[in-house]
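Q: Okay, here's the structure, questions in a sec.
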Amino acid sequence: MPADSLMPRTESFNARVRGASHIDFKTATTGVAAKAMRNELSALVNTVKDPETRKVRSPLPPVPIVQMIEIGQYQAFDTEMQSFFYLFTRYLSERARSQELDWERIASPSDDKIVPYSKLPTADASNLSKLAVLKVNGGLGTSMGMTGAKSALEVKDDMTFLDLTVRQIEHLNTTHRVDVPLILMTSFNTHEDTLRIIKKYANQQLRITTFNQSRYPRIFKETLLPCPRTADDDKKHWFPPGHGDLYNALTHSGVLDQLLSEGKEYLFVSNSDNLGAVVDERILQHMIDSQSEFIMEVTDKTKADIKGGTLIDYEGHIRLLEVAQVPNEHIEDFKSVRKFKIFNTNNLWINLRALKRVMDTEGMELDIIVNPKTTDDGQAVIQLETAAGAAIKHFNNAHGVNVPRSRFLPVKSCSDLLLIKSDIYSLQHGQLVINPQRMFETTPVIKLGDHFKKIQQFQKRFKKIPKIIELDHLTVTGDVYFGRNVTLRGTVIVVANEGQRIDIPDGCVLENRLLSGNLNMIEL
């Protein structure tokens with residue numbers, strides 16, 4: 001295959017490259033790096049053994065309810081490499097121009113760009129017939145010591161993230177007699193796992209569609225050349241390029257066109273590990289009434305949310321600002337609750353016809369997030385990633401809706417998991433509901449130390465999840481084990497010093513206590 005086969009082929013693609021992302025080839029290193037990358041990617045495409053894998057596969061036809069379909073499992077490799085090459089040339093171009101946000105031009109969005117949830121209208125349930133739900137399902141849960149798809153983790157009453165999502169949508173479909181399909185965007189890390197798991201839902205009242213997001217090559221930081229040598233090289237040389245890849249992957253897999261052909265007009269997108277991200281008919285109604293093409297759910301920032309992206313006004317346009325884009329000297333500003341009062345939950349509502357228009361005409365120019373990594377053998381590599389929320393700048397009348405905190409319940413750590421598994425929450429039709437016996441609106445702050453970091457350790461150290469309905473704050477560090485039927489109230493701090501172990505006995509009640517390594521109980 002000639003090297004120039006990797007140059008963009010479509011008119012719109014060429015127009016985009018000539019436009020905002022035109023590479024400044026006067027910068028010699030940029031031109032050389034682009035050419036070298038193009039040659040390497042062409043060589044990679046030539047290593048594909050199955051010629052079918054090189055071509056774009058057409059999606060399967062629409063299917064009846066209750067049947068599962070898988071679309072675009074083999075997203076064409078050279079199409080993928082073209083998309084990556086386009087992202088790479090944008091990265092070179094922006095690097096050559098040293099494009100950084102001008103901090104002085106950043107302002108908080110005007111009031112009309114952030115609508116309070118309390119002002120949303122009552123909903124007409126018939127709108128649900130135009131809705132599809134997509135869960136970003138590419139994460140592995142490695143930070144919690146998991147090896148498979150994170151969505152397969154049991155989080156409440158022996159049910160996994162996926163079980164809860166399926167139950168929610170099934171309840172929606174049967175209650176309102178609609179057909180809201182569930183779409184799972186997997187990554188090469190979770191695809192096989194996910195296909196195996198969803199087989200058990202074959203008799204449920206919903207259709208499940210899966211498609212694979214892109215697989216991009218990691219790049220050596222020094223040479224700016226791709227790490228993999230062949231298309232089927234080891235997994236460690238590749239990465240899924242963030243949830244901003246959603247739009248490309250939806251389009252290339254044929255899922256976008258299929259949804260439109262079924263009469264679906266709106267897509268609700270969220271992370272599979274956010275247990276608060278349930279379909280909200282009022283937000284959908286507001287989207288329709290306000291003729292907004294894109295809505296981002298934001299919520300009030302607390303000191304625990306300092307890393308979350310935020311909406312800003314930049315030269316009169318609404319944009320998403322991620323911590324990775326903030327110059328070092330302004331990081332503290334960014335984390336402050338004073339200047340940036342809200343953050344992005346990554347619950348997004350997208351008008352599908354508008355998405356089709358954007359993809360067919362201008363394409364997505366999402367801000368590139370450079371994610372530095374180190375390989376197992378100590379080499380510095382970079383991953384070029386994008387965030388789905390950054391698409392807000394491409395849509396008409398796009399804005400944020402400030403939602404209650406209950407719509408943002410991510411499980412990123414075992415501390416989060418303890419809260420979800422506890423008696424603070426119960427389940428109704430797959431949805432978490434706060435216990436009416438809880439006296440406070442806020443949930444307890446839970447900080448478990450490194451001994452509880454991995455899921456296997458967490459399960460071993462809690463014989464049974466403690467009762468925490470009256471807990472305000474829990475900190476546990478060191479080698480600590482909890483017996484059965486333990487009750488924690490107020491502020492409880494348990495500290496096992498190095499070389500010591502604390503066993504909290506069955507039936508123990510700890511209220512406003514500091515427990516230290518010699519098992520002295522100190523009243524707080």
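Yeah, the Cβs are placed from backbone N, Cα and C, and that goes for glycine too.
These numbers come from a predicted model, not from an experiment.
Residues or ranges marked as UTP binding site by TrEMBL: LYS150, GLN213, GLY242, ASP273, LYS412. Look at TrEMBL and you will find HIS243 tagged as substrate binding site.
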Q: Round to a whole number and give the Cα-to-Cα distance in Å for the pair HIS243 (substrate binding site) and ASP273 (UTP binding site).
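A: With distance taken Cα to Cα, ASP273 (UTP binding site) is 13 Å from HIS243 (substrate binding site).
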Q: How many neighbouring Cβ atoms, not counting its own, are there within 10 Å of the Cβ of LYS150 (UTP binding site)?
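A: For LYS150 (UTP binding site), the 10 Å Cβ neighbour count is 25.
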Q: Looking at the binding-site residues HIS243, LYS412, which one has the fewest other Cβ atoms within 10 Å of its own Cβ?
A: LYS412
Q: Measure from the Cβ of GLY242 (UTP binding site) and count the other Cβ atoms within 10 Å, all protein chains considered.
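A: Taking every protein chain into account, the count is 23.
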Q: Counting other CB atoms within 10 A of each CB, which of the binding-site residues GLN213, ASP273 comes out lowest?
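A: Fewest other Cβ atoms within 10 Å, among the binding-site residues GLN213, ASP273, is found for ASP273.
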Q: Over all pairs in LYS150, GLN213, GLY242, ASP273, LYS412, the listed UTP binding residues, work out the largest Cα-Cα distance in Å.
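A: Across LYS150, GLN213, GLY242, ASP273, LYS412, the two farthest Cα atoms sit 21 Å apart.
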